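K.L.:
Per TrEMBL, the features are:
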type: BINDING; residues: SER160, LYS161, ALA162, ASP163, GLY214, VAL215, SER216, GLY217, ALA218, GLY219, LYS220, SER221, THR222; note: GTP binding site
type: BINDING; residues: CYS295, CYS300, HIS302, CYS308; note: Zn(2+) binding site
type: DOMAIN; residues: 113-272; note: domain 'CP-type G'
type: DOMAIN; residues: 121-270; note: domain 'EngC GTPase'
Amino acid sequence: MFHASLHSSSSAAQHPLVVYGWDDDWAAAFAPYAAQGLLPGRVVRVDRGQCDVMTPEGLVRADTAFVTPHDPMRVVCTGDWAAVDPDGIGDPRYVRAYLPRRTAFARSTSSKRSEGQILAANVDHAIIVVSLAVELDLGRIERFLALAWESGAQPLVVLSKADLVPDPVGLSYLVEDVETVAPGVQVLAVSSHTGDGLDTLQAVAAGGTAVLLGVSGAGKSTLANTLLGLDAMEVQATRDADGKGRHTTTTRNLLALPAGGVLIDTPGLRGVGLWDAEAGVGQVFSEIDDLAASCRFPDCAHEAEPGCAVTAAIADGTLPERRLDSYRKLLRENQRLAAKTDARMRHEMRKVYKQRGMEGRAAMDIKQGRFR
Ligand SMILES: Nc1nc2c(ncn2[C@@H]2O[C@H](COP(=O)(O)OP(=O)(O)OP(=O)(O)O)[C@@H](O)[C@H]2O)c(=O)[nH]1
Ligand SMILES: [Zn+2]
C-alpha cells in the first residue's frame, strides 16, 4: 500500500491476507506451522467435512478430517485461522490445525440435548441490527447484547431504517432509550436508503471482523449488501435469480469489505439464541451489578432484604423496574440452559474466550476513556 511503501522499504507489498484480518499476532501464532511449510488461511465456509480457505494462493478447498473432533466446540468454523497443506502435497489438501480463537459465537444446537456449537470465530464486532420500523423491544436487545458480550466481541447496536423516523428529536429519544439498556455500547441510527450513519458504521467495521445479528426483517441483508458495496439494482437482480437476494452470502460466509474489515454472515447466526451467557448478562446489566455492590449483604437477592441498593434505586426511580425483571428473566433462562449443558464444555469455552473477551473490553474501555 502507499503508506507502507512510504514508511518501510522492506514491506513493499503487504501480506495478501491482511484484508482478511491477518495481523502480527496471527503471524506469530502461525510461525510453528509456517516452519512446517503449511499455508495460513482464513476459513470462509464450512460444509460436509470440507471447507473453503482463503490463503495467499487464493481460495483453496480442504478436508477438515484432522480437525474434526467429537467436541462440537472444537470443530473448525467460519472465521478460524487455519494451517493447510501447500499445493502439491496430497490431494485433497487437509486442514492440519487452526489457531487458538480470540472470540467465538456459540449457540445450543438442540432443545433436548443442549450442546454448544460454534457459529463464527474471531469476531471483533457484533453488530446488533434493530429495525426502527417496529416498536423497540428492549428485552430482545438485551438478549442479543448478552450473547455478544459472551462471545468476547464488542457489541454495537444499529437502529436500522432510520429514514422511517424523519423527526430528529424523536430519533434521538429512540437512540437514548436503547443507550439506557446498553451500557458501554455505541448506538447508531443508520439508513441503508439515505446512507445516514453508514460512514460511522463502515469505520467501525473496518477495524476487524464483524457479524450482523438481529431478527428476521431487521435489515441485516440490506446492510450487508450496502457494506459490500452492492447497489440495490444488483441485489434486486440477484433476488430475481435465486428468489432470496442473498447471493453474496450463499457461497462465502466471510467476505472482505471494500472499505476495510471483514463481514461474517453465516446462516446459523441468523437464528442465534442465548447460550450460557451468564457473564454476558452481567455485562448488559452492569448498572444493576454496580448497585448490588452497595447492598448490605453480598448475596442480596434484591427482594426484601434490608439495605438493598437495587430496590432503593427502583423506589426512587433511578432504576426502571423493567430492567430488574428483564435481568432476572435472562438469568433464569440462562441457568436452565446451563444446567443442561455439559459442564466440561462450558468450562473449556470459559477458559479460552473469557479472558480474551475481558482483555478486549478493558482495551476498549481505555480507548473510549471509560475506567472501572
Ligand atoms: N425504509 C427502509 N427500509 C429498509 C431499510 N433497510 C432494509 N429495509 C427493508 O426492510 C426489509 C427487510 O430487510 P432485510 O435486509 O431483508 O432484513 P433481514 O434482517 O436480512 O431479514 P432476514 O433475511 O429475514 O433475516 C426489506 O423489505 C428492506 O427493503 C432502510 O434503511 N430503510
Ligand atoms: Zn440488593
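Cβ coordinates come from backbone N, Cα and C, glycine included.
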K.L.:
List the other residues in this chain whose Cβ sits within 8 Å of the Cβ centroid of the Zn(2+) site residues CYS295, CYS300, HIS302, CYS308, in sequence order.
P.N.:
ALA292, ARG296, PHE297, ALA301, GLU303, GLU305, GLY307, ALA309, VAL310, THR311
K.L.:
How many whole Å apart are the CA atoms of LYS220 (GTP binding site) and HIS302 (Zn(2+) binding site)?
P.N.:
38
K.L.:
Where SER216 (GTP binding site) and CYS295 (Zn(2+) binding site) are concerned, what is their Cα separation in Å, rounded?
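P.N.:
Roughly 40 Å, rounded to the nearest whole number.
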K.L.:
What residues, ordered by sequence, lie under 8 A Cβ-to-Cβ from HIS302 (Zn(2+) binding site) and sit at least six positions away in the same chain?
P.N.:
ALA292, CYS295, CYS308, VAL310, THR311, LEU324
K.L.:
Give me the CA-CA distance between ALA162 (GTP binding site) and CYS300 (Zn(2+) binding site), in Å, as a whole number.
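P.N.:
That separation, Cα to Cα, works out to 41 Å.
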K.L.:
For ligand 1, pick out the binding-site residues ALA162, SER216, ALA218, LYS220, THR222, CYS308 that have a CB under 6 angstroms away from one of its atoms.
P.N.:
SER216, ALA218, LYS220, THR222
K.L.:
Quick one: which of the binding-site residues (SER160, ALA162, SER216, ALA218, LYS220) have their CB closer than 6 Å to ligand 2?
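P.N.:
Qualifying residues: none.
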K.L.:
So among SER160, GLY214, ALA218, THR222, all listed as binding-site residues, which is physically nearest to CYS300 (Zn(2+) binding site)? Use the C-alpha atoms.
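P.N.:
Of the binding-site residues SER160, GLY214, ALA218, THR222, GLY214 has its Cα closest to that of CYS300 (Zn(2+) binding site).
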K.L.:
Reduced to three states, what secondary structure does DSSP give SER160 (GTP binding site)?
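P.N.:
The residue in question, SER160 (GTP binding site), is strand (DSSP, three-state).
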K.L.:
Per DSSP, CYS295 (Zn(2+) binding site) is which: helix, strand or coil?
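P.N.:
Note: CYS295 (Zn(2+) binding site) is coil by DSSP, not helix or strand.
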K.L.:
Who sits close to GLY214 (GTP binding site): which same-chain residues at least 6 apart have their Cβ under 8 Å from its Cβ?
P.N.:
ILE128, VAL129, VAL130, SER131, PHE144, LYS220
